[in-house]
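> Next up is a structure, given as structure tokens.
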Amino acid sequence: MNFFLTIILDGLIQASWLFIVALGLTLVFGVLKILNIAHGSFYALGAYIAATVVTMVAARSLPPSVGFVAMLISVALIASAVGLLLERGLLKMFYGRDEVVLLLVTYAVFLILEDVTKLIWGVNPIYATQPYELFGNLEFAGLYYVGYDLVLIPISAVIGFAIWFGLNRTVIGKIVLAVIHNEEMSVSMGVRVNRVYAVAFAFGVLLAALAGALTAPKISMQPGLSSDVIILSFAIVVIGGLGSVEGAAVGAILVGLARAASVHLMPQAELFMIYLIMAAVLMFRPEGLFKRETARRI
Amino acid sequence: MNHFWRANRALIVASVAAMSLPVAAPASAQETFKLGIVTFLSGPAADSFGVPARNGAQFVIDQLNKGSVPSPYEKVGFGGMKIEPVIIDENGGATKQVQELRNLYQRDNVDVVLGYISSGDCLAVAPIAEELKKMLVLMDCGTPRIFEEAKYNYVFRTAAHATMDNVGLVRYMKAKNIKMDTLSAINQDYAWGQDSRADFVAAAQQLYPNVKVQTDLLPKFGAGQYGTEISALVGAGSDVVYSSLWGGDLQAFVLQSAPRGLPKRSQLVFSAADHVLPPLGDKMPDGTIIGARGSYGLMSQKSPLNDWLFRGYEAANGVYPVQAAYRITQSILGLKAAVEKAMSKNGGKKPSTDEMVAAMTGLEWPSPGGLIQMKLADGHQAIQPIAFSRTKYNPDLKRVDLIDIQYFAAECVNPPPGVKSIEWIKGGMQGAKCN
């Protein structure tokens, strides 16, 4: 029994931060129809900024809680600004072009950001672990877990619920949904679609960077961080359905649990299991588990 | 007048003829030795291995060119020739490295190429040097396969391969009475991780016949997050958890496993962890058993050569040297010994590739990490002594000290000539000389 509880808990911890990353990716795709290859770079950017802020706070001998709050605020501000700048300064020039062009533009952004992070933070692994000790350790199912890892689960649940609520129960959310479902009709109803695009993209960047910041205290930041994350995030949104918040949640949980079960039961099949689930979903529901099929507009 | 002109003409003709003849003149002080150096300057291996190796190479070459290295390396450069390094980045994969090696030999006209950290790169470039009949000195890469699966004339490896790390580690554990009825392992899922794991498990089964392997994890290279793996390892509760993780992966694993009690539940043994001690500091759990792929860094033995490297490197770089700096140093010193040996046989002129190859084959030379002997693969593969120890954080010096250091002779932990490493281990490590 304890063994299965361990798998579930490990899976949920893994799913928690992956869900936040995938949420940003799926939101950007839902609104802008952009498959954002650079999404993993925003995750890495958030992690690096968080590490810098935490290190600065620790150098002033301030408590880890200050570092934790400071890193979240800094990352939120910088990521939102970067998102708005990129959308207004670059992506908007390519709206109306083929989706492949936008895909290539985000790929170019990914390559640029990879080098920008190397230029700023170098190629050496860096880490800032002070906030990782913030919530102590807890014993569960016969094992010690770091409180910080467990806290990520409710944090991601709150973020997920807030976004679901914002989209489905607020006026602004309904406007965003209107743009997602029918952009032309939204324009004719007086919706400023460009503004929705800018805010949605910036919010997507913010979510990726926030996930990076939240994981930063427990990992070692080094080049290559972004590519690993984007691959897993794509698997999650493909499983859940591109553009679906519920899909991102279920996809993240499935990927987290599949990975945890593999490591515990069949370590050599760890990566294979994730892609097996993705392949199975694509075979039976090519549009993903939660994406509704829509009639093609003529 | 005619007589004078005739005499002058004869002199000119004689001079031109003399200049066109091959003369066995000694290498002049103006002549240089162009040395291609390949190491990771970017990518995941840069911080742990590539940059320390580059820093080590720069320090040693600078010292050699000034003639400031202790005996027996006092002579300036290589046999009086100043060393002219051409340093390139190893990052980018094996295909890129094959092209870069050709460029070094054919475009930059280097005399010898020395370097390479990645096993994949070593396996890819060795046949190219052989094809071009150019001398290649591999300074690090761990895989035993280079000379166990192929035969080369122009290729040398001046450091012991990974078998030594794992056989030595198990011997150390046995010598220190470490209990190992059960064993779990976590290694990266590529050549280094898999080869290391195979060697360690095979050696453990020889010296601990009843050992039972429990959890055996192979996360992908650069995984970074090991929460689930740590649950599995803690859950298994093995006596020993072995790992060949390195660099950022090892740092992340240590940072994540320590608060979850893994070091308290199992004895951690890391085959190549010296390079993460400076960055981890007090985060490295006390009592962890570590290796450094040689008798290097804080585990090195006192000698004039070692004092020169340790103090000089530390003064130049602000951090003490770890395995990569030692390995490139022993490689450059070995090449120097070979070049000067060849020069002593050819009248002191700059040696040809074939002369250097003949001199390097079967060579022995002292290094800061101990005596290096080219004893395997018909004199092309080195063996060397190795040390292991336990960690203990020193709050006064704010660094991890190494205690319980034990040294193993090269012939105790390396296979004898003509035997494949894994077969030697599985056959009970016959012929090992440990006393």
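Using the three backbone atoms N, Cα and C, a Cβ is placed for every residue, glycine included.
Note: TrEMBL annotation is automatic and uncurated.
Small disclaimer: the values here were computed from a predicted structure and weren't measured.
Not my notes, these are from TrEMBL:
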type     : residues  : note
TRANSMEM : A:12-35   : transmembrane segment
TRANSMEM : A:42-62   : transmembrane segment
TRANSMEM : A:68-88   : transmembrane segment
TRANSMEM : A:100-123 : transmembrane segment
TRANSMEM : A:143-167 : transmembrane segment
TRANSMEM : A:196-217 : transmembrane segment
TRANSMEM : A:229-257 : transmembrane segment
TRANSMEM : A:269-286 : transmembrane segment
> In the same chain, which residue numbers or ranges, 6 or more beyond the ends of the transmembrane segment (A:143-167), come under 8 angstroms Cβ to Cβ?
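Same-chain contacts beyond the flanks: 6, 9, 12-13, 15-17, 19-20, 23, 27, 131-137, 173-174, 176-177, 207, 210, 214-215, 217-218, 245-246, 248-249.
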> Under 8 Å, at least 3 Cβ pairs, sequence separation 6 or more: does that hold for the transmembrane segment (A:12-35) versus the transmembrane segment (A:229-257)?
yes
> Kindly say whether the transmembrane segment (A:42-62) and the transmembrane segment (A:269-286) touch, using the definition of 3 or more Cβ pairs under 8 Å where each pair is 6 or more positions apart.
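Result for the transmembrane segment (A:42-62) with the transmembrane segment (A:269-286) is no.
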